[in-house]
């Protein structure tokens, strides 16, 4: 681990000179012309608890057409990140047709656990860059209220003979406790970090910072006691808990006592329902169509690591991505790093020497929620909105991934 850490820090030293390269504007750049998301609703108890995945995707794709005013005939492919629903490919294709896309617009789903939304974005961007398509939509959507993605059965005995393969069976809470134990991330460090996340989300929500990224979604909610069904319109995130403090979080019992005593329901990401989408095309096409260019997609990368400490994935993926573009952490203005658990967020922040004022400025998944397949796209939407508010240029997004992986994406805001 010492050699790996040295390699990480080598790529994070100041003095990189890749900014001019990634901020240049060329006709064949892949750009984002729309970035929107649904409100994030509490799993099992919130406004989307009775909403089906196909309806959520249909609603958001309808908003994509409405907000962008693009002719849906021009959109060639739609890729949706989703983790929990094995039938998502059926649902997304049907939802796209119902939303107004023609049958000539293809659709698919992708699942790389918590990075699925970023993976969908990368897939569409790569198709555009290679000339396979001109215009596509990437989104992520997750209905965690519908249930989890845990394996019903253990792996085959021959597979389990390999320890790291067996470690892929570890619950995410156990991997968080592993990170806390292995790297001395104390309960106090985790609770203090989580309190800051809640407080940032509260400030951002009260100030209206989320308003330009969220589109209202009409749905129905069933009263669990009376059975009455009410029509509602969701307009804001349900995760932020106003008034959260370190002291209040420190009173919460450990969530995974079989594995450790540091991770709790207060310093771990919330179970959440939600979706987010970005519209991508070549720069020349966007200019031809008069589409507003929000940002340039620069690139993304993936890495692997030991499954039992999967949470530290961003600490490996981020240096790998920065090294590809000759950048350092100092070159990045806004960082959206998914807070799967406070243990991994603290580790990644400290190991990469990320200034906290640049990271998760509006709070992260601990306060807002983590709809697995949607998070990778939600981070892009939130990050670009924050870049727009601050008039900052360079956005970096990253997340850990179950089974021991990490992913990171790089974008240039052009809304200055």
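Glycine is treated like the rest: Cβ placed from N, Cα and C.
If you look up TrEMBL, you'll see 30-284 marked as domain 'Thiolase N-terminal'.
The feature active site, acyl-thioester intermediate is assigned by TrEMBL to 114. The Cβ of residue 114 (active site, acyl-thioester intermediate) lies under 8 Å from the Cβ of 83, 338, 340, 370, 372, 375, 376, 399, 400, 401, 402, each of which sits 6+ residues away along the same chain.
What TrEMBL lists as domain 'Thiolase C-terminal' is 293-411. This prediction places the mean pLDDT of the domain 'Thiolase C-terminal' (293-411) at 98.
Sequence annotations record features per position, and here TrEMBL assigns active site, proton acceptor to 370 (among others).
Neighbours of residue 400 (active site, proton acceptor), defined as other CB atoms within 10 A of its CB across all chains, total 34. Annotation comment: TrEMBL describes 400 (among others) as active site, proton acceptor.
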Counting every protein chain present, what is the number of Cβ atoms, excluding its own, within 10 Å of the Cβ of residue 370 (active site, proton acceptor)?
27
